[in-house]
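Right, one structure below, let's go through it.
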Ligand SMILES: CC(=O)N[C@H]1[C@@H](OP(=O)(O)OP(=O)(O)OC[C@H]2O[C@@H](n3ccc(=O)[nH]c3=O)[C@H](O)[C@@H]2O)O[C@H](CO)[C@H](O)[C@@H]1O
Ligand SMILES: [Mn+2]
């Protein structure tokens, strides 16, 4: 058969093939409109594409860009509910708790929560866990991972439905700075070994804290940081960012929008992994040069957030300090640092 014959054969076959595929396609379209299961699959497929797209948008910023510092409370005393890159700032009154919980319940999400209690900090666990059980993601799947060098001191707190706790025994350190900054490395490893399979979202929280009010699905997002209660009305050149250029956490006086607290870091497992891994790498570079940033991992977290913007910010309602009097703009204190005697709980000054 020469090339011409093949060509003729193909052209002769074409109408048959066309009719066949034509009926197949119209049949599928018909089924698509009549069969609910196919329609459901088509809808799910489209939904996944949209979701994937929205969730993967990284909010990166080049270094050296000049921009004005945004305010958190306006001159009229009113709260500002959004950042200049259009991320929500979660305040009381900006969300409907029942509605937002229902939205995330549909997705059957699991929230991993890492808490470090090394050395004498195990004393904070009881109040932390008891108050969390009253307020923190009530009715959701929550898995606490308690990292400690004293597993026998983890209190037996009754957990609500869907909540579970795993004790992770780790080596002791003799410097408090070491305990706080190694959280990044331990979080990174935990995500690699377990959380990728066990959770959708993860929060890393300070243990010297207490919940006073609801903390629910309004805090979920791709990458979540909290505004530090001590600096949300401070000019950025006075932020306690690391200012020595030798440190990887260095931020120039003309940059940075907010000062974030190291006590809360959260988001989707994959996005928090990027933060933990990057901060751990930067901490390692600093350690090799014998530099420790002003506020350890909090300084590195702030550096990360200046150039990789969080997709959601929690207002200081989500990180207060018990010694700080409540202010007008803060209608509800949800989570707060308890008053601690530094000399009594830390192993070194
Ligand atoms: C409110 C807030 O944002 N606090 C941050 C701030 O001071 P803080 O005074 O809150 O630091 P901190 O003493 O609470 O240490 C941070 C956390 O490390 C753990 N820990 C620390 C010491 C110890 O002996 N055992 C132990 O388990 C524990 O989970 C504790 O909550 O700066 C720290 C870094 O310098 C962290 O970024 C804190 O999150
Ligand atoms: Mn603390």
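From the backbone N, Cα and C atoms, a Cβ is placed for every residue, glycine too.
UDP-N-acetyl-alpha-D-galactosamine binding, as stated in TrEMBL, involves 206, 207, 208; the candidate among 121, 304, 307 given for that site is 121.
For the pair formed by residue 121 (UDP-N-acetyl-alpha-D-galactosamine binding site) and residue 298 (active site, nucleophile), distance between Cα atoms is given as 18 Å, rounded to the nearest Å. You'll find the Cα of residue 208 (UDP-N-acetyl-alpha-D-galactosamine binding site) roughly 16 Å from the Cα of residue 298 (active site, nucleophile). The most crowded of the recorded positions listed here (206, 208, 298) is 298, judged by how many other CB atoms sit within 10 Å of its own CB. Spanning the listed UDP-N-acetyl-alpha-D-galactosamine site, residues 121, 206, 207, 208 have a farthest Cα to Cα distance of 10 Å.
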